[in-house]
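Remarks on the structure that follows.
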Amino acid sequence: MFINRWLFSTNHKDIGTLYMIFGAWAGMVGTGLSILIRAELGQPGSLLGDDQIYNVVVTAHAFVMIFFMVMPIMIGGFGNWLVPLMIGAPDMAFPRMNNMSFWLLPPSFLLLLASSMVEAGAGTGWTVYPPLAGNLAHAGASVDLTIFSLHLAGVSSILGAINFITTIINMKPPAITQYQTPLFVWSVMITAVLLLLSLPVLAAGITMLLTDRNLNTTFFDPAGGGDPILYQHLFWFFGHPEVYILILPGFGMISHIVTYYSGKKEPFGYMGMVWAMMSIGFLGFIVWAHHMFTVGMDVDTRAYFTSATMIIAIPTGVKVFSWLATLHGGNIKWSPAMLWALGFIFLFTIGGLTGIVLSNSSLDIVLHDTYYVVAHFHYVLSMGAVFAIMGGFVHWFPLFTGYTLNDTWAKIHFTIMFVGVNMTFFPQHFLGLAGMPRRYSDYPDAYTTWNTISSMGSFISLTAVILMVYMIWEALASKRLVKSVPLTTTNLEWMHGCPPPFHTFEEPVFIKSPQL
């Protein structure tokens, strides 16, 4: 029965598929919003109206991409599909809670869209800083709807995190230890811990903002003894772990893809990779104020946050060089998924280097709120998280559907996307160094050339997105069945065929040797 299978689902594979479809749909919305932004900035002068509507679009673009595209696909889609298969569990620990985690997202998305349709919309930026987000600068229901939307998405993520942690710790067969689980499983577990620890702080912050707006409290209002800087601390204590939440599952996927297409049976430096991810997770919690170098902190505070931020580069470097070492001496297969993984390693590293630049508090004073920051985080998200998602998608597509994508189209798609995102975001480094500020719908003529090039790049990326939709349709219409999958002994998820049966691992797996 359709309703029983898709609305009341308790099957990790079906819920994973729902997350994938929802994330893809939200991704289209987010892409549309980003095209609006680049159309507005394609030449000087106004296109859409005033800066309020522009900032509503920017804010919605960020929220949609983060909470309704990257997280649902990476954690909800790939996590649900792969974690139980990789550890040999029959399903997730709490299958009905899993269903609830998913179904909290569509209403959350609805609230976010509603926020932009009432009053003037929430033009606050994704950070929702007061006093701009207060009830004077943003009278009306828009910001309140946005806050409720975040609450729902947050509850969804917390429930999902509890589910993943329980599943990964308790549902492995007795024979395998935590240090024999695949790296993607590790990455999801660490991500879940980060979610569990950071989201309640965001919930507290936005709830205080809600009461400031509606119940006359003054948590963030100096007139009543409050402090808007407190909100920034609460927000970024969530916001910084959040960016690692967005990338960590990608690290896990890239490890699998690189290992698989290098023909290796395990990644280079498995334990180093695990420790690196745990270090990144831990350090992610103690660097939040590097987003606040411009609020007037003590020099010793700035010194600490600068050095702590730079330390994160070390475990990140361990990961990058371990991926390169995994490639070394391998029998490399230049499949589309491998191209995405190699693109990820290269572009994520560039994004990491600009991150090191921004971690210097003195430099950040100059570069804060310029397009240099936009370029930095889009290199790690738009070419890190998204490339990992695309690589994981083309790699596991045969597992999810039982059909194969057209290899040539997939490679063309990668090439167009690669050119598009680089043409969009590389020029933004120059704009930022030249002092162009973020979150403005217009700019002095001096910035025209790079903005025009950047906007052209965004339309190239749009072409790639449309091509991807065609590619998926072509694969599902042609129904080319998967012949055989190599290397199944070291990649448990493929063991049951493509696609795997509705129920897998109904009894614990038997492990012959201590090594997985």
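Yeah, the Cβs are placed from backbone N, Cα and C, and that goes for glycine too.
As the structure is a computational prediction, the values presented were derived from the model and not from experiment.
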Confirm whether, per Swiss-Prot, Thr490 lies on the same side of the membrane as Gln43.
no
Of His233, His240, His328, which one shares the Cu cation site with His290, His291 in Swiss-Prot?
His240
According to Swiss-Prot, Glu40, Gly45 bind Na(+); so which of Ser441, Ser454, Ser455 is the extra one listed there?
Ser441
Quick one: do the transmembrane segment (270-286) and the transmembrane segment (183-212) have at least 3 Cβ pairs under 8 Å, skipping pairs fewer than 6 apart in sequence?
yes
CB-centroid shell, 8 A cutoff, Cu cation site His240, His290, His291, site residues removed:
Trp236, Gly239, Val287, Trp288, Ala289, Met292, Phe305, Thr309
Row Glu40 (Na(+) binding site), column other C-beta within 10 angstroms, all chains, value 23
Determine, for the Na(+) site, the additional residues of the same chain whose CB lies within 8 Å of the mean position of the CB atoms of Glu40, Gly45, Ser441; present them in sequence order.
Leu41, Gln43, Pro44, Ser46, Leu47, Leu48, Tyr54, Asp442
Just give me the nearest neighbour of Tyr244 (O2 binding site) among the binding-site residues Glu40, Gly45, His291, Ser441, Cα to Cα.
His291
